[in-house]
Amino acid sequence: EQNGSSKCLPCKEDEYIEYPNDFPKCLGCRTCREDQVELSPCRAVSDTRCACRNGTFCSPDHPCEMCQKCRPRCSKDEVELAPCTPDSDRQCRPATGTFSGSSDSWIVTIVMVVVASVVLLVVLSIVIWKYRCRPSPGEHRGRGTPSTLTPAPCSVWVWAGYRRGDRGTQDNIRNERFSQDQLLPKASGSVTPSAPGPEVRECVPLLCRARTRRNLVPVEGKDPVILLRRSFDIFARDVPCKDWKRYGRALDLLENDITLAEMNDKYSLEPFFQMLNTWQNRQGMNASVNTLLETLHEINLGGIAEDISSKLVQQGSFQYEVS
């Protein structure tokens, strides 16, 4: 300081100061992150300006620890309100205007077709049910009179042979029907029933046919944790994408867990893997492939659960538990 006035020095390289000050030294320049691009370099009077790369954004209202991916596109029934920018995500809104009238007519048409299809299906099912359940001549011979027959303890009925199974499935149905016949009270003078022939002509109770699900156990000599993690690939391929969120909620995952999983590549199987990894980490030693299969049954995806069980056994990672 000379004669009451200060002497200022220019900032060095990689330093800056934007306004008059009495700091003893300049400020250090900012370095852009890997997920950012440099808009303008650092100068003696301005800091480095950084922005998110194309396709990503970071809201200025929140601390920008990392850039987030923009929404890839608007859906078919939406229009783009604002594009993706380094500071904001792509904005979409429902499509309105000249097509609203035609959209309404399409909705009405679709509803009418669906209702008509349901009514036709119900009528057709009743006709087939009555035809297949109609007793054939001599059906009650050797099985007691109708007054002595006891209804089967099942509330839901299907007709046998509706779906053509293999020979083993047909044998199981015959054996179950024969066992039920043995439990029916016999009228005096009735003849002991014999095993039914190969032609099944009457309704079989659905609940009576239900087979007990068998648990899976890891094969000996291999790490159960690794085998469980490897099974995620089959679950990801067989469980429909539209049921992923519902499956995650059934596994008691939080909405935040599901949202974080969705932040991965939405057009691959990666979100499902991340969701199951979160579930396994949270369950720890209690994580079991049987829990995953049982949850599929709970959300009415039992057929998929059975397919996955068969594939895991065929793969050699698991085997059916022997009681």
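Quick reminder: no glycine exception, Cβ is built from N, Cα and C everywhere.
What TrEMBL lists as disulfide bond is C11-C26, C29-C42, C32-C50, C52-C67, C74-C92. The domain 'TNFR-Cys' annotation in TrEMBL covers 10-50, 51-92. The domain 'Death' annotation in TrEMBL covers 243-312. TrEMBL lists 10-50, 51-92 with the feature repeat 'TNFR-Cys'. Summarising the annotation, TrEMBL assigns transmembrane segment to 106-129.
Structure coloured by features recorded in TrEMBL.
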| residue | record | DSSP class |
| --- | --- | --- |
| C11 | disulfide bond | coil |
| C26 | disulfide bond | coil |
| C32 | disulfide bond | coil |
| C42 | disulfide bond | coil |
| C50 | disulfide bond | strand |
| C67 | disulfide bond | coil |
| C74 | disulfide bond | coil |
| C92 | disulfide bond | strand |
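For the domain 'Death' (243-312), DSSP puts the residue distribution at 54 helix, 0 strand, 16 coil. Cβ environment of C74 (disulfide bond): E80, R90, C92 lie under 8 Å away, each six or more residues apart in the same chain.
The Cβ neighbour count for C92 (disulfide bond), using a 10 Å radius over every protein chain in view, is 16. Remote same-chain residues near the repeat 'TNFR-Cys' (10-50) are listed as 56, 66-67 (criterion: CB distance under 8 Å, separation of at least six residues from the stretch ends).
Neighbour counts were taken at the CB atom with a 10 A radius for the disulfide-bonded residues C29, C42; the maximum falls on C42. The most crowded of the disulfide-bonded residues listed here (C11, C26, C32, C52, C67) is C52, judged by how many other CB atoms sit within 10 Å of its own CB. C32 (disulfide bond) sits 11 Å from C42 (disulfide bond), taking the C-alpha atoms as the reference points. Its Cβ taken as reference, C50 (disulfide bond) is surrounded by 18 other Cβ atoms within 10 Å in the chains shown. Distance from the CA of C67 (disulfide bond) to the CA of C29 (disulfide bond) is 21 Å. Comparing the Cα of C67 (disulfide bond) with the Cα of every entry in C11, C26, C42, C50, these being the disulfide-bonded residues, the smallest distance points to C50.
For C11 (disulfide bond), the spatially nearest entry among the disulfide-bonded residues C42, C50, C52 is C42, judged by CA separation. Between the alpha carbons (Cα) of C52 (disulfide bond) and C42 (disulfide bond) lies a span of roughly 17 Å.
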